[in-house]
């Protein structure tokens, strides 16, 4: 007896095509932010098992520039920066920089460093794909993630309903093997296809049944699990299980995506081989005996509608990125927050499991403004941290005064939104120590970290870098204002003298070169009102960076 194609199965096919294409194309957009794949969470350049994009860029140069001597990367106040200044925020003739020994003793000397290349940053490793391939393509990681989460949501709802109805209507045996004989039968079917013939079968042949079972009950759950395991919230809440697997999960997730692409190509090829009009009559009208001409017309409408949606999604994302971002956040941002945004004070367990990586990538370039250069020249002796906003007690703290407060050390994995990771030890003052001393008002729901980072590498964007985090994240034990990295003074490239450290969120929330902490009820009047510089400019998520 021929298989039935009930309405729910047909609708699942219709919507699944859209959501799968959203996932694959937005996934390609995400990959373009860091098109390198590793098995270790150290993610050391040269250890990647797969690298796409610019193959002319030697890996050893990448590593050398990322991990170069910090004193050659420090901006100077006494010599002007050349108009041809390089990536590290210093000219090729950076001068008058204190050595580590001089810094620790408080002395400085006049020296000139002739560095020919500035610090290499992780942003230089990005190789965005065209909008013909990625959604929305170009340099739009934030919107790619927005579309990816919408694709995931639709795909999970469609797949969940499909599985429930598959078992609820008793049609599970169309996919679930009930005998080991399916394996030799599947091999026979494969041999028949290899001879360009169609295996004889009243319904699915053994190869089709085994493949569909694998895609639905093995590959799909694997993609769900490896996607979720990339969230920093998973590592932060369950360090004993997930402290060392993000790069493995990311690599397996890529392989799973490629497996889906192969499946889709093979599936469509078999639809054509078995008789396109007849198969489309089954999947859209429920029977091979239905009108083939109507089935083909509906197929054209279906495929055309999906293509039109993707084209509109591309064009809207590129032309009106902020509007598209806000539209895509409706419902989704609160859903992500509900699932992944939870308070945790687990710190010591992860610190005991982690070992610092050989080196840590740099993301973002050091400030070039005169104020910051002056602080560097005097070894941050007059750096002040201001704590104000909706507080009872405003604070002005020097670095020495900060270091007199209770301190904490933690060794944790840094998860960048681009996809790379590293492990480092961080030492500093828990933000909660500042909260206890300034006594914020009850209506203060957000903590904003302002910096001296003027984002000079983005000349079309006004304002200094800032990031806002919710009060519950600020009070976590693992949230620090760090001045120490790997038991050394915090390097300039990583935010000296102060940077924010969060265990439970992505790296872009961890503002560097912090000079002010402000407690606010909301961030509507700060920047563009999106919750951070990257949220304002690069369309990241304002309320949750936990995944």
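Cβ coordinates are placed from backbone N, Cα and C, and glycine is handled just like the others.
Marked as transmembrane segment by TrEMBL: 6-24 (among others). Tertiary proximity for the transmembrane segment (6-24) is limited to same-chain residues at least six positions away from its ends with a CB under 8 Å from its CB atoms, namely 135, 147-148, 150-152, 154-155, 158-159, 161-162, 165, 169, 171, 257, 260-261, 264, 283-286, 302, 306, 309-310, 313.
Taken from TrEMBL, the feature region 'Disordered' covers 49-120.
TrEMBL lists 137-277 with the feature domain 'Cytochrome b561 bacterial/Ni-hydrogenase'.
Residues or ranges marked as transmembrane segment by TrEMBL: 147-167 (among others).
Among the features that TrEMBL reports, transmembrane segment is placed at 210-231 (among others).
Annotation source TrEMBL lists transmembrane segment at 252-273 (among others).
With a threshold of 8 Å between CB atoms, the same-chain residues lying at least 6 positions outside the transmembrane segment (293-313) that come near it are 14, 17-18, 21-22, 25, 135-136, 147, 276-277, 280-281, 284-285. The transmembrane segment annotation in TrEMBL covers 293-313 (among others).
Taking DSSP states H, G and I as helix and E and B as strand, the domain 'Oxidoreductase molybdopterin-binding' (379-521) has 23 helix, 60 strand, 60 coil. What TrEMBL records for 379-521 is domain 'Oxidoreductase molybdopterin-binding'.
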Quiz item: Can you tell me the mean pLDDT for the domain 'Cytochrome b561 bacterial/Ni-hydrogenase' (137-277)?
Solution: 92
Quiz item: If you run through the domain 'Cytochrome b561 bacterial/Ni-hydrogenase' (137-277) with DSSP, how many residues end up as helix, strand and coil?
Solution: 109 helix, 0 strand, 32 coil
